[in-house]
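*Asks:* Encoded as structure tokens, here's the structure I'll be asking about.
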């Protein structure tokens with residue numbers, strides 16, 4: 001415990017983050033103004049990008065909003081960008097912010113329906129390969145309409161539900177007991193420890209298959225990933241137009257990804273292949289039967305309302321009746337009104353998952369503003385645009401893919417699409433070629449970016465969620481488990497981008 005006010009300040013700074021991490025962030029904050037003064041804004045800007053990527057890579061040490069936010073504020077103070085430029089970036093990406101605020105919250109109120117659906121899938125399908133394929137393909141289909149973050153939130157809530165049920169039983173308690181700490185294994189009975197570890201491995205593989213599924217489906221439509229909406233707005237595509245332009249790349253990659261999913265479960269490579277222990281299956285089946293028996297007529301009516309809202313959501317997105325985030329708000333209004341969720345605090349819980357990430361996204365946009373103000377990516381863009389036209393899509397795919405592996409794909413896509421749009425406005429490229437480059441940018445940011453958690457917004461969401469520590473899903477483990485998918489999806493995507501247009 002701190003003994004002085006000064007030690008209290010140092011203890012409170014970035015909370016429970018390791019001391020070395022706090023020291024590194026302080027070092028960044030000290031050297032940035034010095035570099036700006038001695039070496040100029042160009043070098044300081046690139047240094048800031050490197051520091052920001054570091055905070056994303058260290059997401060398990062400290063949520064990136066805090067250190068990343070401090071770096072963004074400092075960038076404003078030392079003149080790397082301006083408040084007006086940040087505001088302009090936020091305004092440009094306002095549809096993405098609306099999506100995160102309301103769509104993820106809207107799906108929160110559909111969790112009962114989705115939990116029932118995924119429970120039936122999990123206890124009904126006994127083959128792990130078939131189950132993994134079903135999870136991956138279900139996540140892909142859902143991501144095409146709901147956005148990857150939303151689907152990841154659903155998969156996380158399902159996994160947390162299943163894990164907490166068995167953890168209570170393994171600790172010698174009934175699964176209806178409310179007061180239980182799933183973060184601690186201290187109360188777990190020795191007899192159940194091996195089954196609990198095997199269950200963790202089983203859930204880890206399902207979570208990763210599901211997360212990969214969100215990338216497979218998310219690349220295909222304008223609402224699948226936050227950056228898709230951004231690209232669609234810049235290019236001028238509607239829902240159908242976006243899908244048709246992406247299909248030559250997204251459809252072959254989908255089939256290649258599903259084949260990889262099946263192969264990994266059969267071969268049990270890269271941490272996959274964990275089976276559901278029989279005692280755990282019995283507990284989950286009993287839980288599912290008990291939940292079904294306890295379901296009242298009121299609960300059944302609520303499930304019907306959620307199903308109707310899901311249909312309205314899909315049609316609303318397909319025909320683009322309103323901005324995506326506003327359709328999410330419609331879902332919130334419909335479900336809460338017709339299921340009797342009237343308490344303000346109960347409604348507020350729906351926004352807890354999405355708002356920290358929304359805040360982090362605004363910090364991304366501050367860094368994007370620095371890149372724009374200092375023209376940091378202009379040399380790279382100019383180099384690629386100077387290549388023969390036939391080579392440009394492939395090079396954009398590779399450049400976006402490599403950057404998206406170490407940085408967030410929303411961040412990379414925002415930068416590249418706006419830079420290419422400037423080239424279009426300047427008359428350097430035709431609109432048809434601009435559309436081809438937009439496909440390369442979208443697929444380049446969506447497919448190879450599964451390599452690391454900081455590449456995909458949904459993966460970062462998974463890594464920083466409640467389920468990651470419960471099933472021992474660390475940054476390094478995610479990278480290893482994503483490797484085969486990265487190779488297959490990146491390879492097939494690059495081939496299609498260079499040969500399909």
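Here the Cβ of each residue, glycine as well, is placed from N, Cα and C on the backbone.
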*Asks:* Among 239-259, 260-280, 281-301, indicate the range for which Swiss-Prot gives the feature transmembrane segment.
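*Replies:* Of 239-259, 260-280, 281-301, Swiss-Prot gives transmembrane segment for 239-259.
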*Asks:* Which range is it, out of 24-44, 171-191, that shows up in Swiss-Prot as transmembrane segment?
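*Replies:* Of the candidate stretches, Swiss-Prot labels 24-44 as transmembrane segment.
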*Asks:* In Swiss-Prot, which of 68-85, 122-139, 302-319 is tagged transmembrane segment?
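*Replies:* Range annotated as transmembrane segment by Swiss-Prot: 302-319.
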*Asks:* Tally Cβ pairs under 8 Å between the transmembrane segment (46-66) and each listed stretch (90-110, 239-259, 395-415, 450-470), then give the stretch with the top tally.
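*Replies:* The stretch I would name here is 450-470.
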*Asks:* Out of 24-44, 90-110, 206-226, which stretch touches the transmembrane segment (351-371) the most, going by CB pairs under 8 Å?
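*Replies:* Answer, by Cβ pair count: 90-110.
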*Asks:* With contact taken as 3 or more Cβ pairs under 8 angstroms (pairs 6 or more apart in sequence), are the transmembrane segment (395-415) and the transmembrane segment (450-470) in contact?
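*Replies:* In contact, yes.
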*Asks:* Checking distant contacts: for the transmembrane segment (302-319), what same-chain residues at least six beyond its ends satisfy Cβ-Cβ under 8 A?
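*Replies:* Non-local partners: 106, 109-110, 112-113, 116, 145-146, 221, 223, 239, 327-328, 330-331, 334-335, 338-340.
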